[in-house]
Protein chains: 2
Amino acid sequence: MAREHLIDTARQVYRSYGFAPIDTPALEYAEVLLGKGGEESDKQVFRFTDQGDRDVAMRFDLTVPLARYSAQHIQELGTPFRRYHIGPVWRGERPARGRYREFMQCDFDTIGSDSNATDIETLMVIHDLFEKIGIERFTIRVNNRRVLNGLLEKNDLLQHASGILRALDKLDKIGRDKVVAEMVEQVGISEAQAGNVLDMAMLTGTPDEILTSLDGMLQGSETGETGLSNLQELFGTIRTCGLPQDRVTLDVSIARGLNYYTGTIYETFLGDLPGIGSVCSGGRYDNLAQLFTSQKLPGVGASLGVDRMLAAMEELGMTEKATTPAPVLVTMFERERAADYMQIARTLRQAGIGAEVFPEAKGIGKQMKYANRKGFQVALIAGTDEFASGTWQVKGLVDGSQQQVATEQVVATIEALIR
Amino acid sequence: MAREHLIDTARQVYRSYGFAPIDTPALEYAEVLLGKGGEESDKQVFRFTDQGDRDVAMRFDLTVPLARYSAQHIQELGTPFRRYHIGPVWRGERPARGRYREFMQCDFDTIGSDSNATDIETLMVIHDLFEKIGIERFTIRVNNRRVLNGLLEKNDLLQHASGILRALDKLDKIGRDKVVAEMVEQVGISEAQAGNVLDMAMLTGTPDEILTSLDGMLQGSETGETGLSNLQELFGTIRTCGLPQDRVTLDVSIARGLNYYTGTIYETFLGDLPGIGSVCSGGRYDNLAQLFTSQKLPGVGASLGVDRMLAAMEELGMTEKATTPAPVLVTMFERERAADYMQIARTLRQAGIGAEVFPEAKGIGKQMKYANRKGFQVALIAGTDEFASGTWQVKGLVDGSQQQVATEQVVATIEALIR
């Protein structure tokens, strides 16, 4: 129930921005899925030959299927194509806490536009998603790959980019000095050059302060200036739109997705549980479907980590304990009057209140135990006396209250109890 | 979008009766899935050896996984255990119109009670489901396997049951005479015996009339009388609860699920499209999980045929044409004022109205074409003049209206247009 609720929330938020649902098959031709994959992911893929002698595999993410789908259908779909896709993916890796061989992905992407407006809206979707989930304290860390690339370009370090980014990725864990050492010893750049990179990556302050510092560092690099102006527009817009400013920070050190992301990048951390890592990440990419079509399809999107987020919500006590989606249990005492119990349940449902009828005339203790274990909020009780007087006992299972009310008062009484 | 909407509706109805969602993995051990399967289904299963040398297979229905899950967890779950499960299943068969290798199942079941009250509630769920989908004319055909078994028992024909049922299943297609002939020639019962079976199977009339006839035919058979009294309670209850009586019929000829169902059985036909067959079927079974546990788990449930139902709704013109879940498109004319376009979209979303922002300042024609193709209901337009006067052009794309309103009136104006 908690998972369904979380996914429903994501769906609502995505839809409110005009993203439409798509689904693709679990199985794709192996060459479609593995065309781009490195060896590591190849080994993790569930792959087999089917009844028709086709070499097929189970999707290991929703991005490759999106690329295949977009390449195939973009002419009918038109751009911008905004879709969300929520579904399971499979990886044959060793399971661990919060890591399963089957897990749920919950992606949204805007395909076919390189406008920075879509980058900004992606950020807003992430913001609204966590607000709607009910998280008060969270931080979306934003960066733009062009900023770092601009600095590398200016310092004539572009050919060392992947080594520099790899070293930079360890900044949180090993600290500045060791990162500089790695850049010098393993990447082969000078200590001064490494210092420049670290000076930028370690900029702190408000977004405006950092943007001002970046301005000086990036002047003359077209790439860097584009990244900078994209970030300036992003922070300007969230100010105009009134997003709480402490929820969006600029973090020049994040460099996720070495080869994949090319512009804005996002990571989301929970204020009360930063240790579990980013619960929603994404970014802008230059060309989604280059393996499948010559049409260039730039895009931007992000993915909610459903399993990680659920683990976090459980740890934060944010998940409901109830295992019934219906608030009311209609208990049964006289088996031959089952129709009357069902009728009152029906009346409740017609008023929008979920109600389950206990199917057998078991003892009160047993039925109440069932009601409490499942987390019902209200039990309805009627025996000979109540039927004779046209009344019901309404038992509030949360506050322990009990009242005898006329049949026509049952809906209003229960509404007051559960609302 | 149509599929998601249909599934959402099913979910809402199931939840209103206290059914809770579960999910199980796509992959199970092959021996779990195939333990009970006949050869036909074995051949259709996608089965392979995974990275850990496990013999695994993709689920081909949601019933076997439910049996495995129930056997494993029924002690913690307790009974009655009411669950719904909506998810894809896979069969490596030849695809045809409305039959795919991957398709969606949408099941609900009550496990662990043999009370006829759960049979009656199953019927009510089916009824409410189609009502909520928006189908006015539909018929749920009900029968009880015990009625037929009772008649066979009384006529000493139980040992010929499967042959008789197989012949009976052809009644619609080949007619009474040929069914009698098959029973005599192939099953080896007398013409008089076959006549008795057909007399019962072909009873027509109101449920009450048929029940009265059955009463005479079944007296003395305990099985038959139980079936009869279950049906009597069912039709009595739907009368008490006020379900439209033409929506539920008693059809003694239906005998689906030869070996599986043991009590009430259900089939659902659309009044405007009966030819596509049953769109929601199910029944009562004696022992769900006998392969996995010695605990006896009786149950009753049904399954909405999502793909078939969607095909029917398309044919009936019941599916929305729009491919956007957001009713409003905010067009963009001045790229440098993107923040203002995003802000009005945000205001709409906060009022519960989905809004998409067109990400680039393309020509009006192009943006309107996009809006119409996607099925937006309203376009918001603002250029220099509107920004100067603090107004927006609100264009109704359904009625062709256009009005210029102050920013603070936009929400109310659009609400009036789309509600």
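We number each residue from 1, going along the chain as drawn.
Backbone N, Cα and C atoms are what each Cβ position is placed from, and that goes for glycine too.
Annotations in TrEMBL come from automatic prediction, not curation.
For reference, TrEMBL has these:
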type	residues	note
BINDING	B:Asp61, B:Leu62, B:Thr63, B:Arg91, B:Gln105, B:Asp109, B:Arg256, B:Tyr260, B:Tyr261	L-histidine binding site
DOMAIN	B:1-325	domain 'Aminoacyl-transfer RNA synthetases class-II family profile'
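Mapped onto this structure are the features recorded in TrEMBL.
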{"residue": "B:Asp61", "record": "L-histidine binding site", "Cβ contacts under 8 Å, 6 or more apart": "B:Val89, B:Gln105"}
{"residue": "B:Thr63", "record": "L-histidine binding site", "Cβ contacts under 8 Å, 6 or more apart": "B:Asp107, B:Leu288"}
{"residue": "B:Tyr261", "record": "L-histidine binding site", "Cβ contacts under 8 Å, 6 or more apart": "B:Arg145, B:Gly283, B:Arg284, B:Tyr285"}
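There are 19 other CB atoms within 10 A of the CB of B:Gln105 (L-histidine binding site), with all protein chains counted. Mean pLDDT for the domain 'Aminoacyl-transfer RNA synthetases class-II family profile' (B:1-325) in this predicted model: 92.
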